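Some features that TrEMBL has for this protein:
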- 542-733: domain 'Metallo-beta-lactamase' (DOMAIN)
- 12-33: transmembrane segment (TRANSMEM)
- 39-65: transmembrane segment (TRANSMEM)
- 257-276: transmembrane segment (TRANSMEM)
- 296-329: transmembrane segment (TRANSMEM)
- 360-375: transmembrane segment (TRANSMEM)
- 396-415: transmembrane segment (TRANSMEM)
- 421-440: transmembrane segment (TRANSMEM)
- 452-475: transmembrane segment (TRANSMEM)
- 487-505: transmembrane segment (TRANSMEM)
Amino acid sequence: MNRSASRGYGLAFPLALGCMFGGLAFHMGGNAWEAAGPLLAVLLLSGLAGRCWPAVVVCLAALWVMTSLLVDKGGELADGLSGQLLIVEARVLSSDLDDRGTQRLVLQVEDCHPLDPSLPSCTPLQRIRVTRYADNGYSDRGKAPADDLEQPQTGERWRLGVKLWPPWGMSNPGTFDYQGWLWREGIQATGKVVDTPVGSRLALAGFSLRQSARNYLYRQPLNDQAKRWLAALTLGDGDALSDDDWDLLNATGTTHLVVVSGLHVGLVAVLVLWLAKGMARLLSPGNWRMQMWPWWVAGAAAAGFVWMVGGAPPAMRALVMTLVAMWVAGGRHHPSPWQALALALGLVVLINPLSLWRPGLWLSFSAVSLLVLIWQGRRPPAGRMGPVKVLLRTQLLLSPLVSGLVLISFGRLAWVAPVANLFAVPVVSMLLVPLGMLGWSLSMLWPPIGLLIWQLDGVVIDVVVAGLAWLSTWGTELYPDLSWRESLGISLCAMALIMGIPGMAPRLRWGMMILILASGPFHGSAGPRRGEFDLVIWDVGQGLMAEVRTARHRLLFDTGPRSYSGFVPATGILPPGGRFDAVVVSHADLDHSGGVDWVAAEYRVSQWLHPQLEWPERMPRSPSTTTCERGKAWHWDGVEFRFLWPPSGNAQQTLSSNDRSCVLEVTANGRRIIIPGDASKRTERYWLRDAMDTDDSARLDVLVLGHHGSYTSTGVALVEALQPVFSVVSAGRFNALGHPSAEVVRRLRHAGSCFFSTALDGQLHFMLRLGRPIRVGSHRRGSGVGGRCHGVESGL
């Protein structure tokens with residue numbers, strides 16, 4: 001290896017290190033930015049003065065990544081523009097239409113201005129995600145009927161009236177991080193298209209090679225399944241796959257097979273390189289091996305393929321790694337695989353710093369790193385069974401690593417994944433993708449032969465899908481308990497690393513494996529003991545879902561909302577297959593009973609409770625269903641549960657739906673919480689008497705505010721009598737009702753209560769233990785929560 005090449009590769013590790021440092025400094029927040037900027041400037045000047053090029057590369061890479069991320073963050077919609085009418089001119093990047101006629105658009109903003117000139121500017125916006133609603137009877141809510149004007153298509157330019165909000169999402173442990181996804185996708189605001197002013201098309205979509213290829217594929221006489229899978233495998237069109245296809249891939253841990261990866265990009269590069277070298281042999285028979293232009297043509301073809309499939313981050317990552325591999329192979333350089341991997345990582349992050357927040361980045365680079373570790377310097381097994389042995393060893397060592405990373409990132413574990421990948425990976429790698437690519441090549445030269453190849457590929461697709469479907473019947477996806485999910489994932493990754501380290505003595509290897517298992521990957525954090533309990537208030541947006549846990553029992557209070565589109569947050573928060581000893585549905589409003597059918601279908605519930613005159617939609621009618629009535633009480637594990645409201649009998653007939661809400665009090669060893677549903681101040685004066693007539697009549701520990709903090713609840717008498725130490729409002733950020741009321745918040749703060757909001761703090765976990773201060777955990781970072789309150793409050 002020549003000296004210049006050595007120096008180039010010697011900068012690979014500094015490049016990757018600088019990118020990581022820049023991302024870490026941004027992630028740590030404002031203080032880190034202030035400290036990192038001057039420090040990097042000093043190091044950069046010192047490196048330039050001393051010609052220490054690795055230090056210069058570290059500083060430049062860190063500054064570039066940190067600055068790029070700050071620019072992206074600074075482009076997010078200002079809070080002052082939340083819910084305001086804006087006029088945008090934008091190009092449609094993607095369009096998704098569901099069965100209800102609702103269209104979701106991702107727009108590249110070219111011009112933006114508020115209709116009210118006194119409002120702040122929205123020109124920094126670059127990418128937004130908006131929804132155009134079908135006419136389902138809600139147009140009076142400002143939702144534009146999607147059938148009133150032509151639907152925007154990908155590539156077109158439109159002028160639209162929109163109402164936007166800063167990117168935000170519900171924050172619960174072990175669930176899909178919508179806000180994080182928006183950040184990774186570079187989306188700086190979300191919202192809806194309004195019907196006034198009416199949208200207008202400014203320009204039609206230009207020519208799209210990908211769309212033309214997809215249209216050509218869908219015109220072929222192939223079955224629907226073959227078309228969907230060929231579009232996904234050869235064009236990177238994951239949207240072509242149905243929900244059933246994705247469910248099957250998730251259940252078998254094979255989703256990576258339909259993402260444009262190094263396999264797809266590498267096959268294109270190898271095919272074009274083979275053709276270009278054949279042409280070079282004809283043009284320069286004497287020195288065709290020394291010609292470099294075939295490598296350039298192959299690299300350009302790989303880049304063109306990635307551009308055609310949309311240039312998504314996974315495809316860009318695969319392109320960079322393929323180009324690095326081709327540079328090494330074509331230039332007769334011999335760096336270590338670790339240097340090439342570091343160079344690829346650095347280039348990927350430099351091109352798209354947001355990729356640092358993509359789980360796929362760490363999944364792919366971790367998998368490739370383990371492959372380098374287990375095969376570097378090792379000769380592959382020889383003989384007929386050599387390839388089989390290579391496949392078996394690779395899958396055996398990769399499976400724990402990938403399973404652990406998927407468990408940490410997505411909270412699920414497909415235990416059939418090792419077997420499914422053992423079957424699917426070689427078939428997809430050696431048959432499906434090569435045949436699909438060959439079909440495209442021959443379709444351009446001889447369409448009938450290309451169609452024949454695709455038909456053959458369709459038969460293989462049928463076999464793969466049938467095999468995966470059969471494997472999925474072995475068992476469904478597992479959703480390990482949150483208390484030991486992370487420790488199990490780390491243990492699986494550690495086991496993969498130990499098995500992959502070369503040269504380790506077998507006794508030491510197995511000893512370390514046993515030590516990992518004995519260290520307790522299945523041991524979670526200590527739960528409540530007898531006479532103790534936990535209160536968990538889930539972040540479900542504008543609604544309520546709370547859980548009370550004792551030593552051996554679980555009670556769910558309300559099931560969260562159901563949106564007009566049918567979305568139920570409980571489906572993503574509560575993993576299926578669990579059990580509740582009791583489920584209380586405070587009343588029939590959809591923001592409290594929206595998840596009843598999900599809980600009834602996926603959970604074993606010993607008892608359902610609801611107000612006598614409030615029968616929530618979809619609640620099961622069974623002997624286990626009973627009513628919540630004033631005075632009804634029971635004990636679990638030394639913890640008392642008691643209903644303070646509603647009254648029994650005909651007294652409920654004069655009450656509104658909100659005022660019939662179940663009001664639950666939980667007490668144990670001087671600790672006490674109250675969850676009042678949507679009960680108003682009118683009823684508080686009645687059930688407050690019972691709340692004060694108890695042995696635990698000291699100051700209330702936790703009060704979940706009635707009616708999401710509305711001014712109609714949490715009256716002066718209640719606050720003065722109970723003086724809650726902690727007050728929690730469960731409401732959605734930027735909700736149209738203005739919850740919580742400023743008057744209620746001031747009332748609680750004046751009483752010395754520490755105030756929390758799920759909209760800002762995410763899921764809240766109160767641990768009420770014997771002889772110890774109450775611990776409060778918040779899932780959303782930066783909320784100022786942890787340990788005792790010390791007067792720290794959520795902002796509003």
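Note that Cβ sites are derived from N, Cα and C of the backbone, with glycine treated the same way.
Because TrEMBL annotations are produced automatically, they should be read as predictions rather than curated entries.
Ranked by Cβ pairs under 8 Å to the transmembrane segment (421-440), the stretches 12-33, 257-276, 487-505 are led by 257-276. A contact between the transmembrane segment (487-505) and the transmembrane segment (257-276) is absent, since fewer than 3 of their C-beta pairs, 6 or more residues apart, lie under 8 Å. Contact between the transmembrane segment (296-329) and the transmembrane segment (360-375) is present: at least three CB pairs lie under 8 Å, with pairs separated by 6 or more positions in sequence. Residues of the same chain lying 6 or more positions beyond the ends of the transmembrane segment (360-375) and with a Cβ under 8 Å from any Cβ of it are 256, 259, 261, 313-314, 317, 321, 337-338, 341, 344-345, 348, 393-394, 397-398, 401-402, 405-406, 409, 493, 496-497, 500-502.
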